[in-house]
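Enquirer: Not my notes, these are from TrEMBL:
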{"type": "COMPBIAS", "residues": "13-27", "note": "compositional bias 'Acidic residues'"}
{"type": "COMPBIAS", "residues": "360-376", "note": "compositional bias 'Basic residues'"}
{"type": "DOMAIN", "residues": "55-144", "note": "domain 'GmrSD restriction endonucleases N-terminal'"}
{"type": "REGION", "residues": "1-30", "note": "region 'Disordered'"}
{"type": "REGION", "residues": "331-376", "note": "region 'Disordered'"}
Amino acid sequence: MDVDFAQPKLEPDTEPELDELDEDYGSEEDRPEVFKIRDALEEPVRVNMSINEIHKLIHDGSVDLNPPYQRDVVWPESKQIALIDSLFRNFYIPPIVFAVTEDEEGQTIRVCVDGKQRLTSIQQFCDGQIPHKDILTKHQFWYTLPETHRGVRTELPEWGKKLFSSKFITCTVEGGLSSVLQWDTKRGRDFQNIAYLVCCCASLPTEAIPTAQKMEKWLSRSDAPAEGFKADIKGVLGDFLSIAYNKNLNSGLMEIGSRLAPVEFIYIGVLLYVLRRRRLDERAAAITYLRQSIRKQFKDIRINSSVCKSLWAIIRDLENNLSGLISSSSVDGDTISKGRKRKKKDDEEDDDDRPMFNGHTKKAQPRSRKKGGIFS
């Protein structure tokens, strides 16, 4: 039996919606036509600090190279060595950016906002962990050597050490930036929602409830995600965009409620992952079904145990009985009259507008029709 996966009728929303985005709305008293400078930082101070001074500050704990938002050390040794060579040869080095704060004892701490890779390279060279390499002879010189390596490696002469340690690096010190970095986390919300989405997909078949603690534990894992999983996630995000930009498919995203709640964004991504072997129009119809179903159950659409458990139940039902659930819901009569053949043609015509993602270029294979699937 052919089933038409046209978009179900969209029911008008009559009650105000509540979700995590409500707190982002500004005060109604703000007049947009009035020019204002909001949340300005203090004027930055630019100072020149010697490498010797910076190295001492790192070792006595006055420089924090590892605030939560910083990456790990990612430069390969070859790039670190190239930086040391640039310093010796007086090449331009971008300024280091510090946010100044105080610890519990009142000691000034310089939090590294930009320049961790450069500072780490300098520290490792001064500590004898990486060498300086002559660009012509390729011979390696070490700033300091343990007794076990003397006679095997070449130590820098004293004049070379003094030359390097007296080099100056421009540092920008932001006096009011530390409080902004500590408290203003709105820009991290987009990353957080995508991370929740991926974390929930990675947890399958466990139906995880997204929490900051679970996500932090998942992000701290030492093993990298499998290449196949990364390709599937890239494909899911690409399909999400494809549906959003396709006017024939995006009614479930654009016409239900005034906006997409963060928890809906997360679980739509999970839904697309679970149904990743199905056609794009089938998944678009499933999105409509999911959003209509959860909004019939809850007025307050937020990330909490009740909403998330209900969303998992809807996804599980769609996984096991997609055709039955969509065909039994209300659909637009005009679209039905055109039949599935016309719908297939529409999908083919829209392929040119679909964003290209390298991780999702293979033609999707149909999912096995046996009962169960990813939740079984």
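From the backbone N, Cα and C atoms, a Cβ is placed for every residue, glycine too.
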Enquirer: When secondary structure is assigned with DSSP, how many helix, strand and coil residues does the domain 'GmrSD restriction endonucleases N-terminal' (55-144) contain?
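Expert: Counting residues by DSSP class gives 28 helix, 21 strand, 41 coil.
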Enquirer: Let me know the model's mean pLDDT on the domain 'GmrSD restriction endonucleases N-terminal' (55-144).
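Expert: That region's mean pLDDT is 90.
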